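Colleague: Quick one: this structure, given as structure tokens, is what I'll be asking you about.
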Amino acid sequence: MTTINHTLGFPRIGLKRELKKAQENYWAGKISQQELLETGRELRARHWEQQKQAGVDLVPVGDFAWYDHVLTTSLLLGNVPPRHQNPDGTIDLDTLFRIARGRAPTGEPAAAAEMTKWFNTNYHYIVPEFQQGQEFKLSWTQLLEEVDEALSLGHQVKPVLLGPITYLWLGKVKGQVFDRLSLLQDILPVYQQVLAELAKRGIEWVQIDEPALVLELPAEWLTAYPIAYQALQGQVKLLLTTYFDSIGHNLETIKSLPVQGLHVDLVAGQDDIAQLHESLPKEWVLSLGVINGRNVWRADLTAKHQLIKPLVGSRTLWIGSSCSLLHSPIDLSDETALDAEVKSWFAFALQKCEELALLTAALNQPDGSKQAELDAYSAPIRARRESKRVNNQAVTERLAAINPQDSERNQPYLQRAEIQRQRYNLPLWPTTTIGSFPQTTEIRGLRLDFKKGRVDGTSYRTNICEHIKQAINEQERLGLDVLVHGEAERNDMVEYFGEHLDGFVFTQNGWVQSYGSRCVKPPVIIGDVSRPEAITVEWAKYAQSLTEKPVKGMLTGPVTILCWSFPREDVSRETIAKQIALALRDEVDDLQEAGIGIIQIDEPALREGLPLRREEWQSYLDWAVEAFKLNAAIAKDDTQIHTHMCYCEFNDIMPSIAALDADVITIETSRSDMELLDSFENFSYPNEIGPGVYDIHSPNVPSVEWIEALLRKAADRIPVERLWVNPDCGLKTRGWTETRQSLANMVQAAKRLRESVK
């Protein structure tokens, strides 16, 4: 039996972020839709060929998306929210963008669909909306067209399709409450039609993604799997594909399904492959996800080979990435500035394809002729363990010296709140922003010139100070109560801090997609983390010197830095988080000593870091909360600690949110129509809350009346004296014109509400 390999998906964005640039140029009216479509065709063709040349046997098709693959599935099924539908009922590319962004180059603006995290990753998907009685039909043939493209180019094609149960699981009911699982019988005919079309094209295998099978699903959802897959069997072979965790707890359901293969994630999951082999039907393909699709580290192919070798010859095996390579940068060979030793520790998406090819070749040659090549490839991993770049004795000793008091504020919240009220004397409904202001071409150019050495340090600081002054002046003109310095010096909220902490390295082109056209370049944590000098104090102190109003110091929290970086694999996530917390603890102390009395520690990734299995939640939450408190607890009683979170379902982690003991929490709520506040109301959350009153991911400017209505809904749930007024998130990606208009309306809404309670 010959072992073959495949990937579950490949990055869409292009090595130079070509897709992002084409999307944004199209949205700005700078290129035509035809030019955008051509960019997509070029990227797909390039990526298929690159995988083939790297040695991938089955090329995934259908992993490309114009915004998000879940949204693509919604269009495939004809699931378009009524507010986004074209008058004639047709679906086009602008329909897709209107759902995701709230507007498109054609069509009237309408509230964007909700966006949330894809399982426990930093990728976001557009949440499907379901209404009772809605109809589904094959309406968007992108998958079929792309399969035709790939076939015409001579590739061995494996279409990728998000499975029906996971699709329904990921969505939300809008309007009248009903069980969205009841829609299964309505969407299955569309899936049948798609599979029939693929069969007509001679497709043998379809990768049907059901990552919901790694979750602890309710019984009725598990029961739906046999129903769904009985309906889908027979037209093509189905590779039931799971990832992000193990599937042992759902194995009885899985092995009863009429599919022809199963893919398991052996990186994030802990499934015993010998047990899987014994449990699964002998005729099934067992696809082993042994190459990590979510990191940048070179694989220990010697160890992987030893793991898989005992199964060779006993059943048909495929070797694959643990999940889609969407979460990995594209090509390490493009990194010309990385230190050679550090570079030898890494593998990006294309290198992971090459790892699959080498591992497959070794498994197909049982005489051991590839063993030396495997060992040579894996040698840098062993060398890394002893590297001085990795180990810092001072950090180890400081971590060991932590005591319980280091994580506790001096006074409880109620006493602190009174002290802070006396210091700041803020009005009811105090207004603020989340941190960043628009990153103009001028600002980005300045940072690039400084990085390239075209601008010296003195000139750079002078220019950044001018941008800070502009941000302060804009906020004072608008009438905001608590100001920010605007973060002109920051490229990314995680990358910026990583650049100033020991233990991190950075890539030139290590971009990954976060959502739509939003790409991030995560730092890589390669060793013990420490802070050699103050990071933000200079800018915050200057901003505060320009105004009598309080200016917030802005930090990214330890859990978010961990979650939004590529972490080490040789120590626990808890250890890394606490190392970062100790480094940022020193920053909090330096800020307050410099006169900064309000300090925001952003933790948007706190919930994202949760394990997918609920039984593992509490252990994670305990150390995540401890890391935040270790970061913040050095603050004096009159120093007000804010935190910010977004895209969260808070209800099931409210005790941990409260345990953070932040004086103020600001959250993303506008897309959910303030529903997220229900969790805080039901829990009787004791501290102050700033519910986001407008969606910064959409260019739409909210009206005063819209914001006022949302704030009144908030006041129905939270006492007015504990409410703040702010946007959902930072304003980095917005333009100044819409930012001024939106913030002016926000301030005006707050003033109206103050008048109404006099």
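The backbone N, Cα and C atoms fix where each Cβ goes, glycine too.
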Colleague: Arg17, Glu18, Leu19, Lys20, Lys117, Arg518, Cys519, Trp564 bind 5-methyltetrahydropteroyltri-L-glutamate according to Swiss-Prot; which of Glu474, Glu476, Glu608 goes with them?
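Modeller: Of the residues offered, the record points to Glu608.
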Colleague: Pick the one from Asp300, Asp590, Asp602, Asp622 that Swiss-Prot also lists for the L-homocysteine site with Ile434, Gly435, Ser436, Glu487.
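Modeller: Of the residues offered, the record points to Asp602.
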Colleague: Test of understanding: give the count of other CB atoms lying within 10 angstroms of the CB of Leu19 (5-methyltetrahydropteroyltri-L-glutamate binding site).
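Modeller: Taking all protein chains shown, Leu19 (5-methyltetrahydropteroyltri-L-glutamate binding site) has 24 Cβ neighbours within 10 Å.
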Colleague: Within 10 Å of the Cβ of Ser436 (L-methionine binding site), how many other Cβ atoms can you find? Include all protein chains, please.
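Modeller: There are 22 such Cβ atoms around Ser436 (L-methionine binding site).
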Colleague: Please identify, among the binding-site residues Ile434, Gly435, Glu487, Cys646, the one with the smallest Cα-Cα distance to Lys117 (5-methyltetrahydropteroyltri-L-glutamate binding site).
Modeller: Cys646
Colleague: Helix, strand or coil at Leu19 (5-methyltetrahydropteroyltri-L-glutamate binding site), per DSSP?
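Modeller: Helix, per DSSP.
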Colleague: How many whole Å apart are the CA atoms of Cys519 (5-methyltetrahydropteroyltri-L-glutamate binding site) and Cys729 (Zn(2+) binding site)?
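Modeller: Cys519 (5-methyltetrahydropteroyltri-L-glutamate binding site) to Cys729 (Zn(2+) binding site), Cα-Cα distance: 16 Å.
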Colleague: Would you mind checking how many other C-beta atoms are within 10 angstroms of the C-beta on Cys729 (Zn(2+) binding site)?
Modeller: 27
Colleague: What's the CA-CA gap between Arg17 (5-methyltetrahydropteroyltri-L-glutamate binding site) and Cys729 (Zn(2+) binding site) in angstrom, rounded?
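Modeller: Their Cα atoms are separated by 24 Å.
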Colleague: Roughly how many Å lie between the Cα atoms of Leu19 (5-methyltetrahydropteroyltri-L-glutamate binding site) and Glu487 (L-methionine binding site), rounded to a whole value?
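Modeller: Here the two Cα atoms lie 26 Å apart.
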